[in-house]
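Everything below concerns the one structure shown next.
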Amino acid sequence: MHELSITQSLVDAVLDCTGDRTVTGVNLRIGRLSGVLPDALRFCFQLLAEGTPLAGADLRIDEPAGRATCHTCRQSFILPDTIPLCTCGSADVEITGGRELMLASVEVG
Amino acid sequence: MCATCGCGDDVGVRVSTGDGSGASPEPVLDHQHLHDGGRQQPHDHAHDGGHDHVHESGQAHSHAPVATIALEQSLLAKNDLLAARNRGWLEGRGIQAFNVMSSPGAGKTTLLVRTIEELGSRLNIAVIEGDQETSLDADRIRTAGRPAVQINTGAGCHLDADMLRRGLDALNPEQGSTLFIENVGNLVCPALFDLGETAKVVIISVTEGDDKPQKYPHMFMAADLVIINKSDLLPYVEFDVDQCLRQARQLNPRVEMLSVSATTGVGLDGWYDWLMKNANAPAVRAGAATLPDGVRV
């Protein structure tokens with residue numbers, strides 16, 4: 001349940017930036033290969049935002065798909081899970097997207 | 001507190017050095033990166049922002065315009081910064097640190113105790129133990145003759161860079177030593193948290209099943225070395241070592257792998273060779289088998 005720690009980092013990072021201003025929206029980018037579950041993060045956010053200027057903020061999570069490039073056949077493709085395997089059979093694959101774990105922006109009132 | 005798995009914040013994290021009379025772990029400062037600024041305290045902000053519609057009726061919508069602040073920063077930025085600081089601290093002292101991770105019961109402590117017994121004259125070993133509760137593992141390390149600090153994470157399910165820093169402060173490992181960080185038994189959460197270690201070692205035991213790399217890919221993708229432990233039990237369980245190796249390499253082509261039994265000692269030469277290679281071991285310390293007084297913490 002690493003999402004709790006990560007959400008606390010999120011809340012701290014936002015508050016470091018916004019101080020006492022009321023935060024109305026938080027935009028995240030959580031890649032599908034990042035190992036972090038958006039639902040768990042939302043759950044934790046509700047708990048941790050309570051009593052802070054983030055309480056009630058709209059948490060929006062963009063979930064970019066996993067992407068990879070095959071060094072054997074040179075094609076770029078969507079990676080549905082964490083096992084880096086190209087449809088050509090090659091495992092010589094470089095993951096190029098989907099591991100994002102980013103606080104993109106916040107909206108303050 | 002997480003209602004999904006019971007994992008909680010780390011207000012309850014304790015670091016114990018085991019010195020003196022073996023007193024119960026002393027409480028440490030509240031985990032400041034989680035609770036700094038008193039933000040959890042009683043609603044001192046909530047009423048400013050939360051109820052503005054009930055203020056003066058004529059000005060109910062006189063809020064400042066919404067402004068978007070672009071941040072574009074990693075959610076792990078704070079941990080990664082602390083990990084980088086740990087890494088510099090360790091490198092500056094010539095200390096090689098190995099983050100040892102596995103599910104509970106895979107044999108981490110058994111492997112470390114045996115390593116201390118058999119390699120203790122060649123490496124100056126110290127250990128930081130991570131568990132939710134008890135100092136049983138640190139006690140085993142101290143019984144084997146090496147300094148150990150126990151970090152109890154309370155409800156937490158992994159060590160993070162801040163906990164390691166506090167463990168390092170308590171342990172104060174010697175220059176040029178080899179530090180093992182035995183993480184909380186968990187194949188999920190520790191994978192995401194850089195501690196500032198030199199390398200990550202993941203242990204899987206044959207009783208767990210050979211499908212673990214597929215089931216817990218993040219851990220095996222993060223590993224520098226995978227050790228398959230309890231190989232002495234292979235005749236009694238259905239565990240295909242080659243299949244496990246294939247799966248792990250599919251996830252992580254550069255990973256090194258070893259099959260050992262920490263109980264019987266089979267295969268441990270490979271582990272010791274790997275350690276000596278990666279520990280960049282200094283020459284044998286004079287009298288290394290016996291710790292000078294006062295080193296044990």
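Here the Cβ of each residue, glycine as well, is placed from N, Cα and C on the backbone.
Annotation source TrEMBL lists Ni(2+) binding site at A:HIS2. Around the Cβ of A:HIS2 (Ni(2+) binding site), a 10 Å sphere holds 27 further Cβ atoms from the protein chains shown.
According to TrEMBL, the feature Zn(2+) binding site maps to A:CYS70, A:CYS73, A:CYS86, A:CYS88. Look at A:CYS88 (Zn(2+) binding site): DSSP puts it in coil. Neighbour count (other Cβ atoms within 10 Å of the Cβ, all protein chains): 13 for A:CYS88 (Zn(2+) binding site).
For chain B, the nearby binding-site residues by a Cβ gap under 8 A, listed in sequence order, are A:HIS2, drawn from A:HIS2, A:CYS70, A:CYS73, A:CYS86, A:CYS88. For the pair formed by A:CYS70 (Zn(2+) binding site) and A:HIS2 (Ni(2+) binding site), distance between Cα atoms is given as 31 Å, rounded to the nearest Å. Each of the binding-site residues A:CYS70, A:CYS73 was scored by how many other Cβ atoms lie within 10 Å of its Cβ, and the smallest score goes to A:CYS73.
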